[in-house]
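Per Swiss-Prot, these features apply:
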BINDING   15, 16, 17, 18, 19, 20, 21, 22, 88, 89, 90, 91  ATP binding site
ACT_SITE  89  active site, proton acceptor
BINDING   120, 170, 171, 172, 173, 174, 179  substrate binding site
BINDING   145, 148, 183, 186  Zn(2+) binding site
């Protein structure tokens with residue numbers, strides 16, 4: 001990172017599932033604690049895979065988090081002594097998240113968000129592309145393709161071991177039993193078989 005002499009900026013950590021997004025968010029939050037900075041972490045209520053009140057990485061690292069239902073609920077927890085605001089699984093938040101993040105950065109907070117940049121179909125996911133556009137720093141992580149071992153930038157949704165159809169629901173919170181990382185060439189999204 002570059003030396004920043006002003007307070008308030010946005011960092012986006014994005015990539016496919018199993019690329020280390022939550023792990024990187026946790027690492028950055030822990031570094032702020034060593035620097036005696038005050039941080040708060042948020043997560044959407046919908047993300048309760050491993051814990052209701054922690055952000056937990058797939059490898060078991062965790063940090064306490066405040067679950068919120070709507071983006072603007074974040075404001076209720078912001079205090080002046082905070083330096084850093086971190087938000088995990090940002091793709092699951094409503095459309096107001098972009099404004100919330102902008103307001104917080106403009107008020108002088110370092111805002112770190114992490115989330116999927118593409119849905120299981122390989123299309124831009126939620127508000128993440130907008131957040132990437134307004135961020136000062138974007139870190140795009142890759143996993144390893146579970147089929148061929150190449151760098152994986154996509155998330156494959158599997159239903160009973162088979163790729164999910166294009167028009168299946170976008171949001172379905174799961175872990176390794178329903179998703180795996182894939183490269184561009186091994187990623188498959190068939191048309192709906194019912195049509």
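Heads up, the Cβ atoms here are built off N, Cα and C, so glycines get one too.
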Query raised in the report: Got a sec? Which of these recorded positions, 88, 89, has the most Cβ atoms within 10 Å?
Result: 88
Report task. Among the binding-site residues 90, 148, 186, point out the residue whose Cβ has the most other Cβ atoms within 10 Å, with all shown protein chains included in the count. Result -> 90
**Report entry** Fewest other C-beta atoms within 10 angstroms, as judged across 145, 170, which are the binding-site residues
**Finding:** 170
Requested in this report: May I ask which residues of the same chain, at least 6 positions away in sequence, place their Cβ under 8 angstroms from the Cβ of residue 120 (substrate binding site)?
Outcome: 155, 156, 157, 164, 168, 170, 179, 189
Requested in this report: Determine the minimum-neighbour residue: among 171, 183, listed as binding-site residues, which Cβ has the fewest other Cβ atoms within 10 angstroms?
Outcome: 171
Requested in this report: Using the recorded Zn(2+) site (145, 148, 183, 186) as reference, state which further residues of the same chain have their Cβ within 8 Å of the centre of those residues' Cβ atoms, listed in sequence order.
Outcome: 146, 147, 149, 150, 152, 182, 184, 185, 187
Query raised in the report: When you measure from the Cβ of residue 15 (ATP binding site), how many other Cβ atoms are you left with inside 10 Å?
Result: 24
**Report entry** Max pairwise CA distance, angstrom, over record-listed ATP binders 15, 16, 17, 18, 19, 20, 21, 22, 88, 89, 90, 91
**Finding:** 16
Query raised in the report: For residue 19 (ATP binding site), which residues of its chain lie six or more apart in sequence with Cβ-Cβ distance below 8 Å?
Result: 141, 142, 143, 152, 181
Query raised in the report: What same-chain residues, at least 6 away in sequence, bring their CB to under 8 Å of the CB of residue 17 (ATP binding site)?
Result: 116, 143, 155, 179, 180, 181
